[in-house]
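Engineer: Take a look at the following structure, please.
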Amino acid sequence: MIVYGTKYVIEKKLAPSSSAYVVIPFSSIILALLVGAAFLVLSGHNFFEVYTAMFRGAFGSTYGLSETVVRTIPLTLTSLGVALAFRMQLWNIGGEGQLYMGAFAATWVALTFPGGSAWWVMPAMILLGMLVGGLWALLPAIPRAIWGVNEIITTLMLNYVAIFWVDFLVYGPWKDPHGFNFPLTATFSSGAILPSLGNSRIHAGLFFGLILAVIFYVVIYRTRWGYEIRVTGENPGAARYAGINIKKNIMLVMFFSGAVCGLAGMSEVSGIAHRLQHGLSPGYGFTGIIIAWLSRLNPFVIVIVTFLFGGLQVGGYIVQTSGIPSSMVTMLQGLLLFFVLGGELLTNYQVKKVPAKKVTAAPAGDDSV
Amino acid sequence: MNQEIIVAILATAITAGTPILYAALGEVLAERAGILNLGVEGIMLVGAVSGFILALHTANPWTGLAVAMLAGGLMALIHALLTVTLKANQVVSGLALTMFGTGLSGYLGKAYVGKPLPVPFKVTPIPVLSDIPVIGPVFFQHDPLVYLSYILVPALWFFVFRTRAGLHLRAVGENPAAADSMGINVFFIRYIYVIIGGMLAGIGGAYLSLHYVPSWMENMTAGRGWIAVALVIFATWNPANALWGAYFFGGLDALGFRLQTLNVMISPYFLKMLPYIFTIVVLILVTKRNITNHIGAPQALGLPYDREER
C-alpha cells in the first residue's frame, strides 16, 4: 500500500536532552491543572477562582506560607525515604505504614516517661521512631531478599496493618481518659515536644529533612555503598557479577528507607499533633512516592518539589470550605504523575517529522519504519 | 459450629470473594500480555462510584454495571497509553492510576456518600440447583454477577490455554519479540487485554457498590484491588486458580465479620488486619512454592516492548 503525506515517527535520542528535565515538570504541572480545571468546570465550579484561592491560601500570606512549610516537613522525609529504596529499584510503597509505626514508637517513649523533661527523651523518641519504622520496612525486605517476594504488595499490605494498629491503640488502651472519648492519646509533656518557630506550627523537624537530604546526597554519590546501590538499581546483573552483596543491601536500604519514613511519623506526633491520633497522616507516605519520582530521586530537587506539594495540600485544604472535596488534591497528584511519566518519553525520544513523499506504509502497529 | 453457620460463612465467602475474583481475572489477562497494572485499586474505586451513581439515577443496576465497565476500561486505557505506547515505568504508572482513581472517585462520589441504593443486584436463587442441601445455599443462592463469574472463570481458562487467540496473548507476555516476528501485533494485543482487565476490575468495584454493601463510601475497596494483584501470583497466572484464591480471601473476610458479631474477645482492629496479614503470608508461601516448581511470571512482565531493541 502506498500512502502520500507527512508522517511523524518517534525516534530514540542518542543522549537524553537536558532541557527536558526542566520543561517536562513545568508543562506537566500546567497540563494537570488544565485537566483538573475540566473536572471543576464539569461539576459547576469556577476553576479560575478555585485555583486562585488555592494559590493565595498556600503562598499568599505568612500564615499560608508557614502552613505550607509545615506540610513539607513530613513530605520531605517520606519522599527521601522512598527515594532511597527506589534508587535500588526497590518499590517501597509502605511509607505510610512506616510513618505510623515511627509515630507509634515515639509516642510510646513520650507516654512511658510522662514527666519527661529529661534531656534524653527527645533523642530516644527520634531513635526509637526511626528504629521501629525501619524494622517495619525490614519485615517485607527479608522475604524480598531471600525468595524475591514482591515487595510492592507486602509493603502496601503492611500500611493497613500499621494504621489499624495505631487505631487499636488510640481507640483502646492508649486513649486519653480526659479526651472526651476522641481517638487520641494524652498530650505529650514539654520534653517530648519539638520546639516550634514563633507562633507558627513550623517545628524543628524541618532540619531533619534538610540534614537528611545532604546525607542522602553524600551517601548515594560519594560513598562506595551508594555506588553499590546505584549499580544494583541500574543493572542488577552487573552488580551481582561485580560481587556486590545484593541481599544484604536490599535489607539495609529498606531498613533506612523505613527509618526515614518513621522519622516523619515521629516529627508529626512530636512537632504537630503533640499526641498520637487517628488519621495522623493524610497520605504523606503516598504523596512521597510521587514527589520522589517527580524529582528523579534527587534529594535536593525533592526539597524544592516538596514545597510545591505542601502548597497544593494547603491550597486544597483551604478550598474545602467552598465545597471542593479534598480528594481533588489526590486527583491532581495522580494527573501530575501521568503527565510526568508521559513526558519522560520526550527526554529519551524525539518526534521526528518525515517530509511528505512516497512512503510505503508499514504493517499496522509499526511505529518505527 | 453447626452446619447452618458453616453454610452461611461459605456463602458469604463467595459473595465477599467475587469482587476480588473479577479484579484478579482482569489482572491475569493484563499480566499475561506482559503489562503489570497496579492501578486495580483505583480502577475498582472508579467502577464502584460510577456504577453506583448511574444505577441510582437510572434505577437499574445493569446500566450501573455497564458504566462501571466503561469507566474501568477508560482508566485502563490511560495505563496502556503510558506503558505500551509511551513505554513508561509500569509500577509508577499503576501507582499513579490508583492515586488518580482514589481522588477521582472521592471527588465524583462526594454527594453520594452513605446514600442507600434502592435497586441493588438482588439474590436470585437458581431453581432446582438451589434446593440441593449444603451445595445449593452455598453456591446457588446468589446474585447474577456471582453466576456470571461461574461461567467467566472456565471460559477464560479455556480462552487462555486452549485457543489460538489465547496462545497469542501468552506469546506476547512471554516473548514479545518472537511474537512480533510471527506477525502478532504486540502493541494492539497489550492494549486490548489491559483494557479488558480494567473492565473486569470495574465490575469488581461495581459489585461492591451495587450488591455487597450496597452504597458508596470513600475508599470502599479497602485494599481489595491490591489483594487481587497478590492473588494473581497465588493463581500462577491461571484464571481457574484465581477462583479458589478469591474465595479463600472472601472466607477470611466472612470469618472476621462473623467473629465480630459473636463477641469474641479479639479487638475488631486485629480482625480487620487479618486479610492483609494473610495476603503477606500467602504471598511468601506461594512465591517459595513457585520457585521450587519453576513457575514464574510471564517472562516479559513489566518490560516495555521496543522494536528498536529487538
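A Cβ is built for glycine as well, from the same backbone N, Cα and C atoms used for every other residue.
Residues or ranges marked as transmembrane segment in TrEMBL: B:6-24, B:36-56, B:62-84, B:91-109, B:144-161, B:191-213, B:225-249, B:269-286.
How about a rundown of where these features are and what they're close to?
Structural biologist: Same-chain residues lying 6+ beyond the ends of the transmembrane segment (B:6-24) with a Cβ under 8 Å from its Cβ atoms: 40, 43-44, 134, 137-139, 141-143, 145-146, 149, 153, 200-201, 203-205, 207-208, 211-212, 221, 224-225, 227-229, 231-232, 235, 242-243, 245-251, 253-255, 257-258.
A Cβ distance under 8 Å defines the sequence-distant neighbours of the transmembrane segment (B:225-249), meaning residues of its chain 6+ beyond its ends; these are 13-14, 16-18, 20-21, 23-28, 31-32, 38, 40-45, 98, 149, 153-154, 156-157, 160-161, 201, 204, 275, 278-279, 282-283, 286-287, 290, 295, 297-298.
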Engineer: If you count every Cβ pair below 8 Å, which range out of B:144-161, B:191-213, B:269-286 shares the most with the transmembrane segment (B:62-84)?
Structural biologist: B:191-213
Engineer: How about the transmembrane segment (B:91-109) and the transmembrane segment (B:36-56): do they have 3 or more C-beta pairs under 8 A, pairs 6 or more apart in sequence?
Structural biologist: yes
Engineer: Give the one range among B:36-56, B:144-161, B:269-286 whose Cβ atoms make the most pairs under 8 Å with those of the transmembrane segment (B:191-213).
Structural biologist: B:36-56
Engineer: Could you tell me what the rest of the chain brings near the transmembrane segment (B:144-161), counting residues at least six beyond its ends with Cβ under 8 Å?
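Structural biologist: Long-range Cβ neighbours of the transmembrane segment (B:144-161): 14-15, 18, 21-22, 25, 28-29, 32, 65, 121, 124, 126, 169-170, 203, 207, 211, 238-240, 242-243.
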